[in-house]
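Each remark here refers to the structure printed beneath this line.
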Amino acid sequence: MVNMKASMFLTFAGLVLLFVVSYASESEEKEFPKEMLSSIFAVDNDFKQEERDCAGYMRECKEKLCCSGYVCSSRWKWCVLPAPWRR
(Lines of atoms letter the chains of each structure in order from A and count residues from 1; the text may use other names and numbers.)
(Lines give C-alpha, C1' and ligand atoms only; values in the text may rest on other atoms or scores of the structure.)
Protein backbone atom coordinates (compact mmCIF):
# COMPACT_ATOMS: atom_id res chain seq x y z
CA MET A 1 0.00 0.00 0.00
CA VAL A 2 2.85 2.37 0.84
CA ASN A 3 4.58 1.53 -2.41
CA MET A 4 1.48 2.46 -4.38
CA LYS A 5 1.13 5.79 -2.55
CA ALA A 6 4.76 6.63 -3.21
CA SER A 7 4.51 5.77 -6.89
CA MET A 8 1.32 7.86 -7.25
CA PHE A 9 3.02 10.77 -5.48
CA LEU A 10 6.07 10.53 -7.74
CA THR A 11 3.85 10.32 -10.81
CA PHE A 12 1.88 13.37 -9.71
CA ALA A 13 5.09 15.29 -8.88
CA GLY A 14 6.50 14.36 -12.30
CA LEU A 15 3.39 15.64 -14.06
CA VAL A 16 3.53 18.90 -12.11
CA LEU A 17 7.20 19.31 -13.00
CA LEU A 18 6.46 18.58 -16.66
CA PHE A 19 3.68 21.18 -16.61
CA VAL A 20 5.96 23.83 -15.06
CA VAL A 21 8.76 23.19 -17.56
CA SER A 22 6.42 23.26 -20.56
CA TYR A 23 4.73 26.45 -19.31
CA ALA A 24 8.10 28.17 -18.87
CA SER A 25 9.29 27.20 -22.35
CA GLU A 26 5.97 28.23 -23.89
CA SER A 27 6.08 31.65 -22.26
CA GLU A 28 9.56 32.20 -23.72
CA GLU A 29 8.38 31.07 -27.16
CA LYS A 30 5.44 33.48 -27.12
CA GLU A 31 7.79 36.44 -27.38
CA PHE A 32 9.61 35.03 -30.41
CA PRO A 33 6.64 35.04 -32.83
CA LYS A 34 5.69 38.57 -31.76
CA GLU A 35 9.22 39.82 -32.43
CA MET A 36 9.40 37.96 -35.73
CA LEU A 37 6.04 39.28 -36.96
CA SER A 38 6.86 42.83 -35.95
CA SER A 39 10.12 42.67 -37.89
CA ILE A 40 8.42 41.17 -40.95
CA PHE A 41 5.60 43.69 -41.04
CA ALA A 42 7.65 46.71 -40.03
CA VAL A 43 6.81 49.60 -42.31
CA ASP A 44 9.81 50.87 -44.17
CA ASN A 45 9.85 54.27 -45.84
CA ASP A 46 10.86 52.66 -49.14
CA PHE A 47 7.75 50.46 -49.21
CA LYS A 48 5.12 53.03 -48.25
CA GLN A 49 2.33 53.48 -50.73
CA GLU A 50 2.81 56.51 -52.89
CA GLU A 51 0.08 59.10 -53.12
CA ARG A 52 -1.78 58.77 -56.41
CA ASP A 53 -3.85 61.20 -58.40
CA CYS A 54 -6.49 58.51 -58.74
CA ALA A 55 -8.21 56.15 -56.32
CA GLY A 56 -7.60 52.40 -56.60
CA TYR A 57 -9.88 49.42 -55.97
CA MET A 58 -12.24 49.84 -52.97
CA ARG A 59 -10.96 53.37 -52.27
CA GLU A 60 -13.20 56.35 -51.72
CA CYS A 61 -14.01 58.22 -54.90
CA LYS A 62 -15.82 61.28 -53.55
CA GLU A 63 -12.90 63.66 -54.01
CA LYS A 64 -10.63 61.64 -56.32
CA LEU A 65 -11.36 60.07 -59.66
CA CYS A 66 -10.99 56.32 -59.95
CA CYS A 67 -7.91 54.91 -61.69
CA SER A 68 -8.28 53.43 -65.16
CA GLY A 69 -10.21 50.17 -65.15
CA TYR A 70 -12.43 51.17 -62.22
CA VAL A 71 -15.68 53.09 -61.92
CA CYS A 72 -17.12 55.00 -58.98
CA SER A 73 -20.01 53.11 -57.38
CA SER A 74 -23.00 55.43 -57.15
CA ARG A 75 -24.28 53.61 -54.09
CA TRP A 76 -21.15 53.18 -51.96
CA LYS A 77 -18.88 55.87 -53.45
CA TRP A 78 -16.02 53.38 -53.84
CA CYS A 79 -13.95 52.57 -56.89
CA VAL A 80 -15.08 49.16 -58.16
CA LEU A 81 -14.61 47.01 -61.24
CA PRO A 82 -17.05 47.84 -64.02
CA ALA A 83 -19.66 45.17 -64.63
CA PRO A 84 -22.58 44.88 -67.05
CA TRP A 85 -25.15 44.79 -64.24
CA ARG A 86 -23.91 48.04 -62.66
CA ARG A 87 -25.47 51.26 -63.87
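Backbone N, Cα and C atoms are what each Cβ position is placed from, and that goes for glycine too.
Just so it is clear, the model here is predicted, and its values are computed rather than measured.
The annotation disulfide bond is assigned in Swiss-Prot to Cys54-Cys67, Cys61-Cys72, Cys66-Cys79 on the grounds of similarity to another entry. Residues or ranges marked as signal peptide by Swiss-Prot: 1-24.
Of all the disulfide-bonded residues listed (Cys61, Cys66, Cys72), Cys72 has the fewest other CB atoms within 10 A of its CB. Neighbour density for Cys79 (disulfide bond): within 10 A of its CB lie 22 other CB atoms from the protein chains shown. Long-range contacts of the signal peptide (1-24) within the same chain: none, as no residue at least 6 residues beyond the stretch ends has a Cβ under 8 Å from a Cβ of the stretch.
Of all Cβ atoms in the shown protein chains, 15 besides its own fall within 10 Å of the Cβ of Cys67 (disulfide bond).
Cys54 (disulfide bond): 13 other CB atoms within 10 A of its CB, across all protein chains. On the backbone, the CA of Cys67 (disulfide bond) and the CA of Cys61 (disulfide bond) stand 10 Å apart.
A gap of 11 Å separates the Cα atoms of Cys72 (disulfide bond) and Cys54 (disulfide bond).
When the Cα atoms are compared, Cys66 (disulfide bond) and Cys54 (disulfide bond) turn out to be 5 Å apart. Across the structure, Cys54 (disulfide bond) and Cys61 (disulfide bond) are spaced 8 Å apart at their Cα atoms.
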